[in-house]
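A quick write-up on the structure given underneath.
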């Protein structure tokens, strides 16, 4: 509300999350009408995700009158009153008045939390009832879970996690005896998948469930870390699966054919089934997105699985070298050389490849970032390589950097260059799998190594980022799949796997439910939630599209349905494997 005489005012804003950005024009506020004593007014809608800095200046002469920093609340109504303090027009005041207070948008989350805690309490009560012999015998007779476990264990071998009476800490060679599946791995995978489904369905339209525009200081930011943890546990599963197949007598050529077939199917499903939106029309190659989540998982699986197949042995035993404590690392030194070479390639391409009209080594968001100097340089070399090899029409058209940084160039977060670091991420997960294999039945050894690896990854991340969001050597960035993001997320993946392993497979305080079930049918749940995302009962028309409560209800119901579906499939012994 402008109570000043002519000329009018220009209102501009700057988001607190926009690093080195230009102020963006919001509105022209006309001058007051002195004859009618009516102030000039203009209405605008502003972002509530981050604090905003509002800048008011004169439309003539570009003189700054006031600057206000404020974090607005959702659905609040505010007035910014500009007036003179005295007869001197040089003394201007800008007062922010709350006309209508913002809503408490977190109440639906609290209510949902209480509902799910109530369901959990009922399940715990049911488990206590299961300790009563007549009840337990009747339920086991009806459900027959042992048959399910026998079938699962025959599909994929794992280190035996049953308590051993052998107190000898010396690592023992692998054996061909049947091994019980590590439920902590399925629980880890299922936890990541369930949250990924919830976030992909909208996350209740809460800002903290959305992707960060560019660099991110919080590696646990939900959508940013989910795919990383999924890639990590895929690497862990590779170590267990390949070892199991070789122990059961499969030749390496047969295993390689299985790896190639699975890679082909994953990539094909990603391009033909997941990427296209068939609600908008039939499949068209003209604007079909080529990269994607399943495509990246498929190619990452191919490289890491082939690398492990090349150097693993079915009869791997105790390392007889000088450093037995490093038996899960030293025998595989060629793998580490390969990974280091890959990372050197990523670093050279990222920081040394010349990109037209962009500074060498630029890894910024483009748009209005960096004071608008490089608007068409989104992602630097990573974006340039994708545009050169894939074409702009075959890339993701609405990157998260477009929201805050207003970048207009297509940029694909699952692009070609970032796949190098997804391979590195899966390799760290592969290392976790080797730890469980080489130190089977030695829970302290396994958990201590998870802690050590977590600390190492954390130290590397601290060095690369200088513990800051924007000022490090290589910032944490999900869009680029930067090496600092890989090490940071790996740090927390090792720690999370440690906790789940301790609760599920060591102490057996937790069965892994309900995350265990989608974790054992991960491909089906992921593809299914993508294909049926726009169909009832996973989505329906809302009465109020701006309501957090309605969005949260819809997204939680849709996610819960997939958990229930995976549980039914688990009980019916249906597991979709590629």
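Including glycine, each Cβ sits where the backbone N, Cα and C put it.
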Residues flagged as transmembrane segment in TrEMBL, choosing from 446-464, 465-483:
446-464
Among 43-63, 64-84, 85-105, 106-126, find the range that TrEMBL records as transmembrane segment.
106-126
Transmembrane segment per TrEMBL, picked from 139-158, 159-178, 259-278, is residues 259-278
Using a Cβ cut-off under 8 Å, which residues of the same chain at least 6 positions beyond either end of the transmembrane segment (188-208) come close to it?
48-49, 105, 108-109, 221-223, 226-227, 229-230, 233-234, 237, 496-497, 500, 512, 514-520, 522, 525-526, 529-530, 533, 538-539, 548, 551-552, 554-556, 558-559, 562-563, 566
For the transmembrane segment (293-311), which partner among 259-278, 446-464, 484-503, 515-532, 552-570 gives the most CB pairs under 8 Å?
259-278
Check for me, if you would, whether the transmembrane segment (416-439) reaches the transmembrane segment (228-247) - at least 3 Cβ pairs under 8 Å, residues 6 or more apart in sequence.
yes
At a C-beta cut-off of under 8 Å, are there same-chain residues at least 6 beyond the transmembrane segment (552-570) that contact it? List them, or none.
108-109, 112, 148, 190, 194, 197-198, 201-206, 514, 516-518, 520-521, 524-525, 528-529, 533, 537-540, 542
Note: vs the transmembrane segment (515-532), the recorded stretch with the largest number of Cβ pairs under 8 Å from 259-278, 332-353, 446-464 is 259-278
Under an 8 Å Cβ to Cβ limit, what residues of the same chain, 6 or more beyond the ends of the transmembrane segment (259-278), are close to it?
288-290, 292-295, 297-299, 301-302, 305-306, 309, 527, 530-531, 578
With the cut-off at Cβ under 8 Å and a gap of six or more residues from its ends, the chain residues touching the transmembrane segment (228-247) are 156-159, 174, 176, 179, 182, 185, 188-189, 192-193, 196, 255, 258, 296-297, 300-301, 304-305, 308-309, 312-314, 316, 422, 425-434, 436-437, 478, 485-486, 489-490, 493, 496-497, 522
The answer for the transmembrane segment (484-503), taking Cβ pairs under 8 Å and residues 6+ beyond its ends, is 182, 184-185, 187-188, 191, 216, 219-220, 224-225, 228-229, 232-233, 236, 421, 424-425, 428-429, 432, 443, 446-447, 450-451, 453-455, 457-458, 460-461, 464-465, 472-478, 509-510, 512
